[in-house]
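TrEMBL has this to say about the protein:
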- 22-85: domain 'Pre-SET' (DOMAIN)
- 88-212: domain 'SET' (DOMAIN)
- 234-250: domain 'Post-SET' (DOMAIN)
Amino acid sequence: QYSPESVAGADGELDPTEITFPGCSCRSSSCAVSECPCLCRGENYSSERLRLPEHEEQQFSSPVFECNSLCQCGERCHNRLVQRGLRLRLQVFRTQRKGWGVRTLEHVPRGSFVCEYAGEVLGFAEARRRILAQTPQDTNYIIAVREHLHDGRVMETFVDPTHIGNVGRFLNHSCEPNLFMVPVRVDSMVPKLALFAATDISAGEELSYDYSGRFHNLPEISREQKPLEEENSLRKPCYCGSRTCASFLPWDSSLFSSP
């Protein structure tokens, strides 16, 4: 079932459509950083693009909060980007070795929003139950996104587009990707998993991101682990073809192990 946005999972633990953030009282058509509480919370956009760091690695990244449905600013506010949804012309196509993939039919400038990775938003217990129910032949679409806060806490978001999702489910992994994922919050603390262009992307080029989360993050932030000998059978080969290919798709055994 196609859904442009994430929906509450079968466990009903989290509802991404719930509105819990207060809106700003900005009266102008587009908010100003010095006045808008939404923009003061974290990172903001420039010319409808995400501001990217000059250096690949940084100690931490600022959160992204967009203006929401309770805000007084207009729909043309520059702080409303991901919530507007997909605007690029993308194409799902059959690759030679990776199954389905997604390519862009137009030039995508660096920092541009491409699409959301949308699906059912699950709690840990339901995500783990679904992972354990999979067979080695099944394709896994469940993604676990962990945000490391400055005080040491870790926020987890699990999204499963297996049965309900959008075009993002067809994006392949690459060890040298041209997209990267950013959790963007609009109405509540349940984030939209937004994919942005890490570089200028030419028309016809396949889109990909690093499933491990290493890209644009410090290496130690990644939860990818070296699998045990008996877990090697669960790993799937990587066919990204990049110079730094790790030979296998990223591995995170946290949903396989006991809580």
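Quick reminder: no glycine exception, Cβ is built from N, Cα and C everywhere.
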DSSP helix/strand/coil residue counts for the domain 'Pre-SET' (22-85): 7 helix, 7 strand, 50 coil
Distal contacts, the domain 'Post-SET' (234-250) - CB-CB under 8 A, six or more residues away: 97-98, 136, 172-176, 208, 210-212, 214, 222, 224, 227, 256
Composition by DSSP (helix, strand, coil) of residues within the domain 'Post-SET' (234-250): 1 helix, 2 strand, 14 coil
The domain 'SET' (88-212): DSSP-derived helix, strand, coil residue counts: 14 helix, 53 strand, 58 coil
